[in-house]
Amino acid sequence: MKKKSLKLTALFLALSCFPAFAEQTVDIEVQGIRGFRAVRNTDLNVNLINKEEMDGSERYQHLVTKAVDRGLRVFGYYESSVRFERKQRQGKRDLLIAHVTPGEPTKIAGTDVQIEGEAAQDENFNALRKNLPKDGVLVEHQTYDDYKTAISRLALNRGYFDGNFKISRLEISPETHQAWWRMLFDSGVRYHYGNITFSHSQIRDDYLNNILNIKSGDPYLMNNLSDLTSDFPSSNWFSSVLVQPNVNHKSKTVDVEIILYPRKKNAMELGVGFSTDGGVHGQIGWTKPWINSRGHSLRSNLYLSAPKQTLEATYRMPLLKNPLNYYYDFAVGWEGEKENDTNTRVLTLSALRYWNNAHGWQYFGGLRMRYDSFTQADITDKTLLLYPTVGFTRTRLRGGSFATWGDVQKITFDLSKRIWLSESSFIKVQASSAWVRTYAENHRVVARAEIGYLHTKGIEKIPPTLRFFAGGDRSVRGYGYKKIAPKNRNGKLVGGSRLLTTSLEYQYQVYPNWWAATFADSGLAADNYTAKELRYGTGVGVRWASPVGAIKFDIATPIRDKDNSKNIQFYIGLGTEI
């Protein structure tokens, strides 16, 4: 019997070691703290307390006091106090209110941040030191930690791989409510690039070296390596690039291996589309991204539609000095067009030199030769032209295939003279500018303008493709494609020597990827710039930001047309809007 009694006692003692299942009996509310971040951080710490502890007891109040202290310390409040008040609520758990008195805040009394080693002369570190907090601001632990991280990250980005903090302290004086930053960072020496090698490349090393933005002996900079992953693919010679740096602590150098994966030797592109101006059209492109070890390439394109057909092949020769930005293009092409009162066949040859600069501008200059056989209105002729051409372009786009921001600038200058065996003399200048901007996400504005000037003694000797016509999509909507131009006595289109078109379009997003549009266009294709030659059109439309680009549908009509035209024109198109 005694043994049985002892067993029961032992069982009772064992069970008593485990607390009964606790239950939340109060809700907590913290009051008296100002500042969104301080409130959020304090609430976060309080909410980390297990719900089973929320019974309103002194133990729970102690846990809340500690949580409040942790939440406020990081913002410079080291002497906070908490007074608790418990309120009963009918039909709800009691409410425990924590009345917090943060106390006097601790403020920064001084910052002592020193840089030793080669980084002491580095302007980037000096710039970082200018961002220290000013005396008198509240001390925040996160600001201190972020600054330390910024120094460490900058050191790694700029090649100070041996850098370390000899001193890093946040000193607090609760009695005086003051704080001091103490940091001493020893950067050591800055590493430099060592051997730079290429692997798997089909292009000669001397061409690749002139694409590099670094050379052996240059100071290390991580951004340089990031640029390489975009520079080499932009040549179209490679499908992908892998940059592998190897840090050598003994020699204080960084060897770089650039692994290049060549593109396939042949690439084909097929496309089918529809537009009101050209109807159904198809396109076939064939490209050889690289032909030899000097990076020469060939691209060809065939375009077919009812009114227009083109075939063009271009041979590109990059220059050794700067293969990405300096190159020659040699092109041969054929074009046929039968539209309105135009029937033309053209054979073209060109040799152009291109220069690309760091600001996005592309300049070109060279020679063009063309043989035209054409009928325009009632005149049939053949002509051979040889003329120099120069120009420049710039394209800036953001937002993918349906740009939210961007602009395109173009200008060309052509000069033909009989003195160099060209059958017609002329001067032609043509410039265009297009802009797209998005405001407050839902408001989009597209603006375009184009001007052209052709000086010649006899426009009938100039091929139709060099004359000016207006009307249609991307010109003056409300009119048919190339229907605006001077006419002869028989009412047939001749083409003009002056061109001016403008367009302003407003779009509003009515649904994700869907935009309603309204627009007004104006322009002329004439023999002089006069107000009476201007044509106006206005309309409305819909835009769909599809994965392959903008698909649009427009309805437009002329305004105050001098021929009293009231025709309504419909436009359907696919592609970039500028």
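Residue 1 is the first one shown; counting continues down the chain.
Cβ from N, Cα, C; glycine included.
Database features (Swiss-Prot):
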- 1-22: signal peptide (SIGNAL)
- 279-288: transmembrane segment (TRANSMEM)
- 309-317: transmembrane segment (TRANSMEM)
- 327-336: transmembrane segment (TRANSMEM)
- 347-356: transmembrane segment (TRANSMEM)
- 361-370: transmembrane segment (TRANSMEM)
- 387-395: transmembrane segment (TRANSMEM)
- 406-415: transmembrane segment (TRANSMEM)
- 428-437: transmembrane segment (TRANSMEM)
- 444-453: transmembrane segment (TRANSMEM)
- 536-545: transmembrane segment (TRANSMEM)
- 549-557: transmembrane segment (TRANSMEM)
- 569-578: transmembrane segment (TRANSMEM)
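When each of 279-288, 327-336, 387-395, 444-453, 536-545 is checked for Cβ pairs under 8 Å to the transmembrane segment (361-370), 387-395 comes out on top.
Taking every recorded stretch in 327-336, 428-437, 569-578 and counting its Cβ pairs under 8 Å to the transmembrane segment (549-557), the highest total belongs to 569-578. Residues 404, 427-438, 468, 474, 497-509, 515, 519, 523, 577-578 of the same chain, all 6+ positions outside the transmembrane segment (444-453), place their C-beta atoms under 8 angstroms from a C-beta of that stretch. Listed by sequence, the residues of this chain that lie at least six past the ends of the transmembrane segment (406-415) yet keep a Cβ under 8 A from its Cβ atoms are 368, 387-399, 426-436, 466, 578. Remote same-chain partners of the transmembrane segment (279-288), defined as residues 6 or more beyond its termini with a Cβ less than 8 Å from a stretch Cβ, comprise 265-273, 297-307.
Only residues 6 or more beyond the boundaries of the transmembrane segment (347-356), in the same chain, are considered here, and those with a CB under 8 A from a CB of the stretch are 312, 324-335, 362-371, 389.
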